[in-house]
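Just below is one structure, and these are the notes that go with it.
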Amino acid sequence: MLYLLDLIGVAVFAVSGVLAAGRAGLDLLGVLVIAAVTAIGGGTLRDLLLGRHPIFWIRDTRYLQVILASAVATVLYVRFFPPPGIALLLADALGLALFAITGAQIAEAARLSPLIVVLTGTMTGAAGGVLRDVLTNRVPLLLSGDIYGSAAIGGITLYLLLQRCGMGRRLAFYIGFAGIAALRLGGILGDWSLPTFRLAG
Amino acid sequence: MLYLLDLIGVAVFAVSGVLAAGRAGLDLLGVLVIAAVTAIGGGTLRDLLLGRHPIFWIRDTRYLQVILASAVATVLYVRFFPPPGIALLLADALGLALFAITGAQIAEAARLSPLIVVLTGTMTGAAGGVLRDVLTNRVPLLLSGDIYGSAAIGGITLYLLLQRCGMGRRLAFYIGFAGIAALRLGGILGDWSLPTFRLAG
Amino acid sequence: MLYLLDLIGVAVFAVSGVLAAGRAGLDLLGVLVIAAVTAIGGGTLRDLLLGRHPIFWIRDTRYLQVILASAVATVLYVRFFPPPGIALLLADALGLALFAITGAQIAEAARLSPLIVVLTGTMTGAAGGVLRDVLTNRVPLLLSGDIYGSAAIGGITLYLLLQRCGMGRRLAFYIGFAGIAALRLGGILGDWSLPTFRLAG
């Protein structure tokens, strides 16, 4: 069940990578690279930093197959139809929520401190998008506006607090997951943003 | 023999890094950093992702010495002579071909799946150039036009297929190697490119 | 004592990251991310390349706490006071010197060759700033002008040479440390720079 959700998250992030690559006018290999980086960049950074080998997509090539299939399907789809705006936003929010909580659980299982658990989960959810933005030469979205990483931080913190208050792990998972998705979607629909910090020159 | 070719590949990529740094107007330390990143970035990423320690250039400092010598020689050379255009393109194509196939062989020796073998080889050949472009603040060449990564993918796939059809490993190596170099050079001379994928917005 | 200096170095680099984020107009989470990347990016790259797990800030979360506190304090401080120019430059030079020498000592303790020791120390001191610049979409400062990485290279080389000439490790440490800080501060005050290398085209 979680594995299936994980593959869906990878597919969704791959689609968002393909659309970003299309906006940057990359070639077809570039599209694949950005799709892969967006989809598995966060989990790869997590595995490298935690010293988990083999990296998840080397151990199980299903992930790469899903990325390949999603990328091809997306390129074909947008030839005939407009990009699926709302559906993609929804899917992206679910993908972020899922990756953030499952990433946090991996650090939790390694008995790391709460601060590292929050950080690992946030990184798993958000670092793929940062790499996508760096490679397409933009200031990462994560750093400059939307409620994105902060949604992950909020939801994972909630997930940890609820468990600390005695709630079962599974229920805390669902609530943290829903919290991240709600914060992310609310942020987009309500045009929320964190305050920016601006210094002169 | 392979080791010698490997060092030649490192030298060639270091030269191409120096020339890119010169076009970006970096200082002499920047030149060295870009030369090193271009020459060993791909192999470093490969070793990190496969969990191979010590990293190849930590185990054997000959690589760094070759980079240092190549960078110094190039800076001196271009003071007096024009940059060696055609010779460098040829050398770069050979370096790409060599790194891609030897990188693939490392993943092959670790008994990883064909998809990972292709990916590892392509990354070994092409990731150094991506890092060079990110550090000099350009959209990576890999993503936006030339036949580069795709030459690696094509040649490694050929190398694997020929072995699957019963050809000996050494002969398959030579043919895969020649295939990559030919695709790369043909791509430059014939101005081939992959189709780009462009979305409005 | 060294541990305390290490935490001070992290705090100083976090402050410099916050100020860079402020100049780029990032949001508050972006400020935290850039502060963390600047402060622990170099040491993280060092630990990854040397295969040292757990990474230093995963093993000891004091580092992240210091970053968090420094970032919050800086954001509050610059609301009321002008950014602390000279004090920060001095602190940054001390941070660079400290990270470079302690990074070098880690490679030295692993009995790596002098070339790798110099490289590891320089990376530990300077890579955080490179990551900061890549994420805020600028050509890294390291590559394009100031005496920064070169100060680290000079001081670490001095530290190794003095030991080779029979000086005690502790005294060599202090002299190498002072050398890096002096080169860095001299470079800023005297507007020193390495020659740049510029190619047409």
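Each Cβ is built from the backbone N, Cα and C atoms, and glycine gets one as well.
Note: TrEMBL annotation is automatic and uncurated.
Going by TrEMBL, these are the annotated features:
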DOMAIN    C:4-77  domain 'Glycine transporter'
TRANSMEM  C:30-49  transmembrane segment
TRANSMEM  C:61-80  transmembrane segment
TRANSMEM  C:86-107  transmembrane segment
DOMAIN    C:90-163  domain 'Glycine transporter'
TRANSMEM  C:114-135  transmembrane segment
TRANSMEM  C:141-162  transmembrane segment
TRANSMEM  C:171-189  transmembrane segment
Subject >> Folded-back contacts onto the transmembrane segment (C:61-80), same chain, C-beta under 8 angstroms, at least six residues removed >> reply: 7, 10-11, 14-15, 17-19, 22, 28, 31-32, 35-36, 39-40
Subject >> Outside the transmembrane segment (C:171-189), six or more residues from its ends: residues with CB under 8 Å to it >> reply: 89-90, 92-94, 96-98, 100-101, 104-105, 125, 146-148, 150-152, 154-156, 158-160, 162-163
Subject >> Intrachain neighbours beyond the transmembrane segment (C:114-135), with Cβ under 8 angstroms and 6 or more residues off its ends >> reply: 13, 16-17, 20, 33-34, 37-43, 45-46, 49-50, 95-97, 99-108, 141-143, 148-149, 152-153, 156-157, 160, 180
Original post:
Quick one: DSSP breakdown of the domain 'Glycine transporter' (C:4-77) into helix, strand and coil?
Top reply: 64 helix, 1 strand, 9 coil
Subject >> Counts by DSSP class (helix H/G/I, strand E/B, coil) across the domain 'Glycine transporter' (C:90-163) >> reply: 60 helix, 0 strand, 14 coil
